[in-house]
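Trainee: Questions regarding the structure given below will be posed in turn.
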Amino acid sequence: MKVAVSGFKGRMGHEVVKTILREEDLELVAVLDHEPKEKNIREIVEFSSLDVPVYGDLSEMLEEIKPDCVVDFTIPKVGYSNTKTILEHSVRAVVGTTGFTPEQISELKSIAESKKIGALIAPNFAVGAVLMMQFAQKAAKYFPNVEIIELHHDNKLDAPSGTAVKTAEMMAETREFVKQGAADEVELIEGARGGEYEGMRIHSVRLPGLVAHQEVIFGAEGQGLTIRHDSYDRISFMSGVALSVRKTKELETLIYGLENILD
């Protein structure tokens with residue numbers, strides 16, 4: 001399968017490149033970066049033995065290289081437009097960029113179905129994180145009092161994380177609506193109680209040294225339950241990325257969430 005990587009100079013994109021190179025059934029055919037200085041990836045010392053073109057224009061790459069799939073790990077402000085461009089060129093997409101609205105996901109799904117091509121957008125590609133979300137969804141049925149704390153490196157641009165939003169969406173499907181906190185509570189500092197989604201509070205932490213972490217804290221009379229997942233290294237996401245690339249061959253629609261392709 002011929003794979004191109006968009007955002008290859010980012011931390012996740014860099015790890016994706018190394019993963020594609022390790023997989024025998026996947027071939028790295030192009031990489032993309034915003035205003036690249038290089039014309040070929042071999043100009044980067046780490047990849048000096050390779051011969052893979054570097055592009056700065058997504059449409060140009062799609063038309064010249066015609067990859068089977070593009071893996072996109074860029075930034076929220078271009079994630080939607082990149083994915084739309086990829087799908088409109090009838091190319092499969094695996095997207096780890098976050099910040100999509102429900103309306104954007106719906107539109108992209110319609111494009112994928114009209115082209116009969118597979119695509120996947122996932123807030124998190126770590127299998128452990130997917131299990132964490134599923135466990136939280138099940139627990140929310142019995143513990144409606146819940147708050148989410150997500151912790152990431154301080155270069156992350158969006159808050160809350162896509163994983164936190166997806167977790168809240170999944171819990172809302174099983175959870176009785178409860179507006180978390182006292183009815184007359186007052187924030188002495190604006191934002192102290194975090195963001196709100198369907199009555200649940202979501203808190204975002206950004207610190208150097210972190211990668212990606214989340215805990216879902218449930219409370220009830222006389223007891224508490226905490227479900228936590230930690231990614232200490234970006235390698236934790238790569239098995240999910242490789243699985244998703246292969247899975248797009250079997251799909252004729254866009255799937256949102258890695259949990260929807262796991263057996």
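For all residues, glycine too, the Cβ spot is worked out from N, Cα and C.
Copied straight from Swiss-Prot:
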BINDING   Gly7, Phe8, Lys9, Gly10, Arg11, Met12, Gly96, Thr97, Thr98, Ala122, Pro123, Asn124, Phe125  NAD(+) binding site
ACT_SITE  His152  active site, proton donor/acceptor
BINDING   His153, Gly162, Thr163  (S)-2,3,4,5-tetrahydrodipicolinate binding site
ACT_SITE  Lys156  active site, proton donor
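Can you walk me through where each of these features ends up in the structure?
Mentor: The DSSP secondary structure for Lys9 (NAD(+) binding site) is coil. Counting only same-chain residues six or more apart in sequence, the Cβ atoms lying under 8 angstroms from the Cβ of Lys9 (NAD(+) binding site) belong to Asp33, Pro36.
In three-state terms derived from DSSP, His152 (active site, proton donor/acceptor) belongs to an extended strand segment.
In sequence order, Thr98, Gly99, Phe100, Pro123, Asn124 are the residues near Gly162 ((S)-2,3,4,5-tetrahydrodipicolinate binding site), counting only same-chain partners six or more apart with C-beta under 8 A. The DSSP secondary structure for Gly162 ((S)-2,3,4,5-tetrahydrodipicolinate binding site) is helix.
Sequence-distant neighbours of Lys156 (active site, proton donor) (same chain, six or more apart, CB under 8 Å from its CB) are Arg206, listed in sequence order.
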Trainee: Closest of the recorded positions to Gly96 (NAD(+) binding site), Cα to Cα, picking from His152, His153, Thr163?
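Mentor: The answer is Thr163.
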Trainee: Enumerate the residues of the same chain, His153, Gly162, Thr163 excluded, that satisfy the criterion Cβ within 8 A of the mean position of the Cβ atoms of the recorded (S)-2,3,4,5-tetrahydrodipicolinate site; list them in sequence order.
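Mentor: So the additional residues around the site are Thr98, Pro123, Asn124, Glu150, His152, Lys156, Asp158, Ser161, Ala164, Ala212, Gln214.
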Trainee: Can you grab the distance from Arg11 (NAD(+) binding site) over to His153 ((S)-2,3,4,5-tetrahydrodipicolinate binding site)? Cα atoms, rounded to a whole Å.
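Mentor: So the Cα of His153 ((S)-2,3,4,5-tetrahydrodipicolinate binding site) lies 11 Å away from that of Arg11 (NAD(+) binding site).
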Trainee: For the C-alpha pair, I'd like the distance in angstrom between His153 ((S)-2,3,4,5-tetrahydrodipicolinate binding site) and Gly7 (NAD(+) binding site), rounded off.
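Mentor: With distance taken Cα to Cα, Gly7 (NAD(+) binding site) is 18 Å from His153 ((S)-2,3,4,5-tetrahydrodipicolinate binding site).
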